[in-house]
Every structure is written in structure tokens, then in C-alpha cells.
Amino acid sequence: MRLDVVSKAARAAQRFSAQCHGQKFRTAHASATLRAALAVEASEANQKGRSAGLLAAMALMGVAGVASMDDNAAAKCEGAAKPVSREAVTQAMLKEVVTKLNRIESAVANPHRHTDGLNVGVDVVLGAQWGDEGKGKLVDSLSQSYDVIVRVAGGSNAGHTIVHEGKKYKFHLVPSGILNPNAICIIGNGVVVHLPSFLEELEELKRMGVDYEGRILISDRAHMVLDLHQEVDGINELRRGRNKIGTTKKGIGPAYSSKMLRNGVRVGDLRYFDDFTEKMVDLVKFYKDNYPELEADAEAEIKVYSDMKDKILDMTVDTVSYLNNAYVAGKKILVEGANATMLDIDFGTYPYVTSSNPSIGSVCTGGGISPNRLNGIIGIVKAYCTRVGEGPFPTELHDDVGEHLGTVGAEFGTTTGRARRCGWLDIPQMRYSNMVNGFTELNLTKLDVLTGLKKVKIGVAYWHEGKKLDGMPSNLQLLQDSVVEYEEMEGWSEDISKCKTFEELPVAAQKYVLRVEELLGTHIKWIGVGPDRFDVITRTHPLEKAYISGN
């Protein structure tokens with residue numbers, strides 16, 4: 001057995017235990033460490049001992065955010081309505097520890113699926129707010145270590161802007177991982193694709209020097225967004241009048257509607273063009289019957305796809321099989337999320353949402369990937385909040401601070417060019433997003449935008465008629481009528497864009513990050529301090545740091 005590894009993991013666990021309340025909790029940690037030691041012993045022949053030892057230590061640290069809360073706040077875990085005893089809180093924590101240790105044992109049983117950290121199995125990057133959090137920037141950075149990058153939901157309504165080697169790239173359908181010259185990029189079955197826009201995006205990338213040939217694949221099961229869908233999108237928005245949703249008018253909703261009505265056309269249909277033509281004629285007739293003002297021309301649209309079908313079919317494959325074969329072959333797969341959790345058709349602020357599921361479930365339904373193949377789930381959180389279009393926004397600002405955030409943060413939509421609404425970071429919303437997705441790590445982006453503010457605030461609770469709300473209300477009127485409780489913290493004036501370590505940040509900025517981490521109970525691993533791909537601080541987890549140092 002690698003006793004040095006086990007002893008380091010044990011010492012790290014003991015140091016963490018010393019910070020926790022109650023002898024039972026410390027005893028449980030000792031027992032958990034023993035289980036971890038046995039895991040190391042069992043995996044000796046198949047896996048590096050250090051890897052399992054580190055996993056063990058990290059599992060024990062997984063509840064650090066809960067342990068650091070005060071008694072009353074911690075008692076709220078497990079959905080308790082009233083403060084409960086420390087012993088009950090400890091039991092809730094231990095449930096988390098057991099869950100994480102079971103994952104370690106799964107790693108031992110399936111050593112080909114697990115190593116240190118990310119890059120094993122399927123990792124996922126998801127927006128945790130209302131979009132525009134900076135997902136593309138992290139994907140651009142992480143993708144250099146992955147073999148396959150895949151999108152699983154949404155369409156050209158999504159937009160990523162990335163500054164890469166001094167050039168600004170704008171992505172809508174193509175995964176931003178295409179900037180990794182060694183990666184294969186996939187548009188999964190859950191994406192709806194406007195093929196003319198897709199080809200235009202590829203041509204723009206080619207003009208900027210990106211060689212995508214042979215590296216971009218489209219699912220034969222992906223549904224197509226047609227020009228008539230975009231026209232219908234605009235008509236629907238006009239019909240809503242003052243109840244407009246704020247759609248991007250990219251045809252996303254109508255395309256998903258066709259999918260659910262089972263009269264849509266899929267990319268793979270282009271292989272059998274006579275059938276495709278018949279489906280197109282029927283679809284145009286269906287929409288003209290329901291939208292007399294529609295100007296769609298079936299023959300003209302069929303001609304467009306006849307001209308491009310060969311080029312598209314060269315990129316079209318069964319991506320479900322491709323992804324799962326890549327997984328079995330040990331390829332590193334990264335899912336690049338589009339839109340965000342609060343725009344999810346089921347979990348977002350309905351009806352002011354998108355028409356797909358840009359939360360964790362879309363990885364399975366939009367990529368054909370089994371949930372037991374998922375590894376890291378990374379939530380992207382802007383250091384403040386933004387939203388494009390209509391819909392409730394509890395922490396929205398209409399003052400000089402809101403103007404500062406919009407101006408300094410260059411908050412204009414990549415897809416629409418519309419100015420984004422800005423506000424303070426919303427913890428109740430983030431806790432809800434964290435609950436839905438089960439984030440393993442967070443990336444806090446655009447911390448530099450808060451520079452120059454004398455005071456910064458964090459929305460920590462919603463109140464309605466004198467009562468604190470539990471969770472995120474599904475009723476929009478209740479959400480709109482709620483009052484946000486804020487915590488105020490000191491701001492900072494120092495330029496942080498050149499900071500490379502957490503310790504280099506101003507003390508006030510460090511306190512802000514740590515407070516957000518404490519409130520969410522999830523480790524903030526990455527901190528964005530500027531627009532470039534390298535303007536990111538990577539934080540070592542406290543227990544991982546203790547383990548590596550061996551102190």
C-alpha cells in the first residue's frame with residue numbers, strides 16, 4: 001500500500017476535521033479516511049495511488065462550504081424549515097461525505113474512467129445565470145486538453161465572444177473549442193441548426209485563419225431551423241404585443257415546436273432528398289395555414305438546401321455513436337453549454353426562457369451521453385448578474401452602478417447586439433441553479449468589472465410580505481413582488497487584470513470571492529480578471545493544497 005499517500009490524505013482530513021464541530025464528525029472523518037485508504041490499496045495495480053488519495057481527500061472537503069456556515073444557516077440544509085441541532089446538521093454533512101466516498105469506490109471499480117481532476121469521462125461547462133456568463137472563455141482555455149468538444153442544446157441564439165491570441169472571435173453554432181487545432185467539435189442531436197448561418201460562421205472562421213476541415217461534425221438527428229421558422233418567430237413576437245418575450249428571432253422556438261409537433265426536418269433527411277422535399281412542402285403548407293401573412297417560398301428554400309447538401313452531408317454523422325465510441329476509447333470529452341440554467345424551458349423564469357434545456361439534463365438528451373459517464377460539472381457565474389430581453393430580474397440596477405457594470409463589462413449581446421440589463425450577484429438564484437445542476441466547481445468571471453466600486457453588494461435572500469422565501473419562486477408575480485436582502489462589502493480600486501494568483505488580489509476582492517464561495521458551498525476554482533483567455537486565476541482547493549504540501 002502507498003502509506004505515504006494514505007498518511008497525507010489522513011493528515012489533510014484530520015486538519016479539516018479539527019475545524020469542524022463535534023467529536024462524531026471527527027470520528028466519521030477518521031472512518032472515511034480508512035475507507036479511502038482501502039480504496040488506495042484496492043486500486044494499487046490499476047491506478048496511481050496519489051490519484052485515489054487525492055480523490056479521497058477532496059471527497060472529505062466536499063462539505064467545507066456547509067461546515068463554515070453559522071449554526072442557524074447550516075441548519076437550513078436538507079430543506080429544514082426551522083433551526084435544528086448541530087448533530088442533525090452533522091448527519092446531513094455525513095450524507096454528502098458518504099455520497100462522495102461512494103464515488104471514489106466507483107473510481108476504483110472503474111479505473112479507466114477516473115484520474116485526477118477533470119479530463120476523464122465527460123466534463124460539462126454550463127451557464128449558471130441568465131446567459132452571457134463567459135462560458136466560451138473557459139471552454140477556450142480548457143479545450144486545449146480535450147479531444148472532443150460538443151454542443152447539446154440551443155441554436156444560433158447563443159453567442160460566445162472569445163479573445164484568442166489578440167483576435168476576437170464570435171461563436172453562435174460552432175463550439176468555441178474549434179480554436180483547439182487538435183479537437184473534434186460536434187453539434188449534437190439536441191441542437192437546432194440554421195445551416196446557412198452555420199456555413200457563414202465556418203467561412204468567417206476560415207477567413208480568420210481557423211482550419212476547421214475534418215474537425216466539425218453535425219448530428220444526423222439534429223433538427224433544422226428554416227427561414228420560415230425565423231419569420232414565424234418574428235410574427236409571434238409581434239402578436240404578443242406588450243407581453244413580448246424578447247426573442248432573438250433566430251427561429252429557435254418555432255424549430256423546437258416543429259420537433260415536438262413531429263413535422264420538423266432533420267439534417268440527416270438531406271441524404272434522402274426526395275423525402276426531404278416532400279417534408280418541406282408539407283411544412284410550408286402547415287405554417288401558411290396558420291400564418292396567412294407568412295411569405296415562405298417552398299421551392300426557393302428547397303433550392304438553397306439542394307445547393308448545400310453535399311457540403312453538409314460530408315460533416316453529418318451519427319454523433320450519438322461517435323461520442324460513446326470516443327468515450328470507450330478513452331477520449332477526453334467536454335460539453336460546451338449554451339444559454340444558461342435560468343433560461344431553461346423547465347427550470348428558468350418561464351415564459352421568459354429559451355425553448356430548450358440548457359441545464360445538465362441536456363447532456364443526456366441532446367448528446368446521447370449516459371449520466372454515469374459524467375465527471376466534472378462546472379458552473380459559470382458572473383461576479384454580477386446580467387440579462388438580455390424581458391423577464392424578472394430581482395437584483396437589477398437602474399443607477400450609476402448598473403451603468404458602470406454595463407459600460408466597463410461591455411454588456412452587449414453577441415447575437416443581438418442589445419444592451420444587457422445589469423445587477424448585483426443573486427445568491428438565491430445561484431443556489432437554485434447549483435441544486436438543479438450539481439456543480440462540482442465554479443468559475444467566477446468578470447471580477448475585474450467590479451473594480452472601482454466603493455461598495456459591492458450580494459443579494460442573499462428574497463423576502464415577501466415579511467417572510468423569507470425558501471428557494472426560487474416559480475410564480476413570476478411572486479418573484480417580481482419580492483424584496484432582495486443584500487450584504488454590503490468593501491470595494492477595491494486596484495487594477496486586478498495582471499493578477500496571476502489569488503493572493504495577489506486586493507484583500508477586498510479576496511473577501512468577495514470567499515464570501516460567494518461560502519454562501520454557495522461550492523469551490524470557486526477559476527476567477528476571471530480580464531478579457532483575454534489567460535486573464536484567469538486558478539485556485540487550488542484548500543485541502544488539495546494541504547495534501548500536496550504534505551504538512
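The backbone N, Cα and C atoms fix where each Cβ goes, and this holds for glycine too.
The feature active site, proton acceptor is assigned by Swiss-Prot to ASP132, with sequence analysis given as support. Under DSSP, ASP132 (active site, proton acceptor) is assigned to coil, being neither helix nor strand in the three-state scheme.
The feature active site, proton donor is assigned by Swiss-Prot to HIS160. For HIS160 (active site, proton donor), the number of other Cβ atoms no farther than 10 Å from its own Cβ, over all displayed protein chains, is 22.
Look at GLY159 (Mg(2+) binding site): DSSP puts it in coil. Residue density at GLY159 (Mg(2+) binding site): 21 other Cβ atoms are found within 10 A of its Cβ, drawing on all protein chains shown. Here Swiss-Prot flags 131-137, 159-161, ARG420, 446-448, 528-530 as GTP binding site.
As annotated by Swiss-Prot, Mg(2+) binding site applies to ASP132, GLY159, with the evidence given as sequence analysis.
Annotation note: ARG418 (IMP binding site) sits in a coil segment as assigned by DSSP. According to Swiss-Prot, the IMP binding site annotation covers ASP132, GLU133, GLY134, LYS135, ASN157, ALA158, GLY159, HIS160, THR248, ARG262, ASN339, THR354, ARG418, on the basis of sequence analysis.
Marked as substrate binding site by Swiss-Prot on the basis of sequence analysis: THR414, THR415, THR416, GLY417, ARG418, ALA419, ARG420. Around ARG420 (substrate binding site), the same-chain residues six or more apart in sequence whose CB sits under 8 Å from its CB are ASP132, THR386, ARG387, VAL388, GLY406, GLU411, PHE412, GLY413, listed in sequence order.
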Subject >> HIS160, GLY417, ALA419 filtered to the recorded positions whose C-alpha is within 10 Å of LYS137 (GTP binding site) >> reply: HIS160
Original post:
What kind of secondary structure is LYS137 (GTP binding site) part of, going by DSSP in three states?
Top reply: helix
Original post:
Using Cα coordinates, what distance in whole Å links LEU447 (GTP binding site) and ASN339 (IMP binding site)?
Top reply: 20
Subject >> From ASN157, HIS160, THR248, GLY417, ARG418, ALA419: recorded positions whose CA lies within 10 A of GLY134 (GTP binding site) >> reply: HIS160
Subject >> Euclidean distance between Cα atoms of GLY417 (substrate binding site) and THR248 (IMP binding site), Å >> reply: 10
